[in-house]
């Protein structure tokens, strides 16, 4: 009985040492792709069209409207894209 246990242990140890059991290896986490940034239309955007030059101090609905109508999208902590 001891001989069988010893042989099984040695066989499994040999397979592990040769890399036959763990072929996958270490896989690192897949990095998240950068968020999609739409191109800015030409020229600065001013108050005349309802979208201020800065993202600061505008409401969520106004920011969403500027993003959908003109492609000027605000990102948290970064201001307008582009």
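The chain as shown is numbered from 1 upward.
Even glycines carry a Cβ here, placed using N, Cα and C.
According to Swiss-Prot, the feature disulfide bond maps to 51-66, 55-73, 67-74. Swiss-Prot lists 20 with the feature pyrrolidone carboxylic acid, giving similarity to another entry as the kind of evidence. Per Swiss-Prot, the feature serine amide maps to 81; the stated evidence is similarity to another entry. The signal peptide annotation in Swiss-Prot covers 1-19.
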Practice prompt. List the Cα distance (Å, whole number) between residue 51 (disulfide bond) and residue 67 (disulfide bond).
Written response: 9
Practice prompt. Check the Cα-Cα distances from residue 55 (disulfide bond) to the disulfide-bonded residues 66, 67, 74 and tell me which is shortest.
Written response: 74
Fill in: C-alpha spacing of residue 74 (disulfide bond) relative to residue 66 (disulfide bond), in angstrom
9
Worksheet entry | Other C-beta atoms that fall within 10 angstroms of the C-beta of residue 73 (disulfide bond) | 19
Response to the item:
residue 74 (disulfide bond), DSSP three-state class -> strand
Discussion item. Give me the CA-CA distance between residue 67 (disulfide bond) and residue 73 (disulfide bond), in Å, as a whole number.
Written reply: 4
